[in-house]
Amino acid sequence: MDSNIRKRSNLDKVQKSDRSSEQASGTPTSSSTAAAPSPSTQKEDIPQANMPRNKRLFIFVFLVSAFVVALWRSRRDTPPAIPSPFTHLNKGKLDFSADPEKQAAIVASFKHAWSAYRRDAWGFDDYHPIKRGGSNLNHNAGGIGYTIVDTLDTMLIMGLNEEFAEARQWVKTELTFERNGNFNAFEITIRMLGGLLAAYHLSNDALFLEKATDLGERLLPIFETQSGVPLSNINFVQKKGFGDMDNRGMSSTAEAATLQLEFKYLSHLTDDYVYWNAVEKVMDVIRTASSDSGIVPIFMRHEDGTFASSDIRFGSRGDSYYEYLLKQYLQTNRAEPVYREMYDRAMEAMHRDLVQRTPANNLLYIAELIPSPNHETRGYDWNLQAKQDHLVCFLGGSLLLGVTEGHGSFPPEWDTLSQVQQRDWTTGAELIKTCVETHNTETGLSPEIAHFKKPGDLNADTIDWYIKGLDWHNPQMTSFDARYILRPETVESLFLAWRQTGDPQYRKHGWAIYQAIEKHCKIPGGGYASILNVNSTDTRTEDKMETFFLSETLKYLYLLFSDSSVIPLDKYVFNTEAHPLPIFEPSIRVGH
C-alpha cells in the first residue's frame, strides 16, 4: 500500500461510517480447588526462616534481572532528549524593549493606508486602492463599516487618537445593522463583534458595548438548528440564519468553532449568558462528534451535528478551530480544562498524522489528509497531501503559547518542560522557520499555498517546496497559489515567538517581511494591494486592501517592535482577527 494512504480507525469514527466493529469476548477458565493444608502441615512444608540459599539466590537474581529489563524497556520507549533551542541566547542580555524607529515606520504605513481609505471609501466595507473607491459586502443591503470597526483597536494601540476619534464618531452616527441582506456570520463575528469588544475594553467607551450587544443579539438566530451547530449566514433584518449553499448547506468547522471567544466575553460584560450557552453548546456537539480523534474534518452537518466526509487540515476552514481550543482555555483563566484537553489531543493527533519533513533540508510542515471511499471496508482511506496554506503559519506561535500559556520565564527553562512541551515547542519553532522560508521568493513574500516535496518526488533531494501551477518562464501567467493578499499569519507567529523568547531573529524576519510589503504592495497614491505572483517583481496587483491588513498584519508588526508590557500575553488572548480580549474570571459555573 502507498505510504501516503493511511487508514485510521479513529478518523473513520469521526466520519460516522457504517463499518461495523467486532467485539472480542472472553470465556472464563475453570480451575480445580485443592483442599487447604492444615496449619501444622503448612509450617512444615514451607519454612519461613530456613529457605535454601540457592533458592534465595535465584529469587534475588530474578528480581534484579526483571528490574534491568524494565529499565531497558523504559529507556527504549522514551524518546531521545530534545536539545535546548536557547543555547545561543544570553538570558542576562535579552532585550524586550521597544524599537521606536521601526514602530514609527509601521505607524506611517498604517496612516498611508488609512488616509487613502478615508479619502476614497469612507464608510464602505472594503477599499480598492488602485481605482480609489469602495465596495460593500452586500451591495444591495448597504455597508456596515467593516474596515472602520475592524481597525478601531489598532488605532488605540498605536496611539492614533485623532483617527480613532473620527472613526468613533462614524460608529456613533452611521453604524447600523439594520441591513436586509445575508452576511457571513463568522466574518462578522471575528471582525465586527471582536473589533467592537476590543475597542470597548481598550477605551472603556460604552458606545462600543452598546453596538456589540446589538450585533450579538442579531447573530443569535444562526444557532437555531436541530443540533445547535450554527448556520453560515445571517440576515440582520429578517433575524434568520441561512446555510452555505456553495457547500451543500454545511457549516465549516472553523466557522462553527471560532465564535466562542467573542460570545463568551459579550456574556461576561452583559451578564446575559444566552450568548455563552449558544457557543458552549456548539463545543459540546463537536466534542461528542470528534470522540477521541483529536483532529477533525472541515465540514459539519447542522442537522445532526456530525462531521461530513471532508478534508482534515490546519488551513482554510479548519485553522481557527484548533486556535480557539487553546484560547478558550486561556480566556477564562484556565477555568475550563476541557479545552486544554481537547487541544492536547489535537496536537497529539497532528504530530501522529500530519507533521512531515522534506527530504532536502528537513523542513517541517503540516500536511493535509484527504478522504477517499474504501468500498471494501465501507470506511475511508486517508491520502496525505504535501500542501500547506499560508493560514497554517498561525500554528507556530500558537504551539509556543500552548507551552508557556503566557506565563513564566521567557524563554522557558528547557529542563523544566515535559517531553510533550518540548515536542510542541520544537514543532512550533520549526514551523515558524518553514513559514519564513516560504518568503524566500523574488518579492520576499509568501504564497497563499506552498506545496512540499516528498521522498521520491522529482528533485526532492534539492528542492523543499514549490508553487503549484506557476509558469517560471512567463511570470505574468499566475496561479491562485502564487498570490500574497497581505496575510498576517507569519508575522503573528513571529510576534508570539519574540514575546516568549526575546530572540532577535524573530524581529529580523518580521522587519524583512515589512520591507517586502512596502516595496511590492504599497500603492504610491495611498493604500496597499495584494500581488498575484510572489515570485515575480513585475507581477500585477489585485485591487483590494483586505481589512485584516490593518487589523492584523500591521498590528502584529507594531507589537513585534513594542515592549512586552503592551498587550501582555498573561493578560490577553487575541481573537483570530487580532482583536485583544482580556482574560477574565467567569461568573458563570464552568468546567467539565
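Every residue gets a Cβ built from N, Cα and C, even glycine.
Just so you know, TrEMBL annotations are computer predictions that nobody has curated.
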Second cysteine of the disulfide that TrEMBL assigns to Cys435, among Cys393, Cys521: Cys393
Cys435 (disulfide bond), number of other Cβ atoms within 10 Å: 27
Least buried by Cβ count (within 10 Å) of the recorded positions Glu187, Asp319, Cys393, Glu489: Glu187
Nearest recorded site to Cys393 (disulfide bond) by CA-CA distance, among recorded positions Glu187, Asp319, Glu448, Glu489, Thr576: Glu489
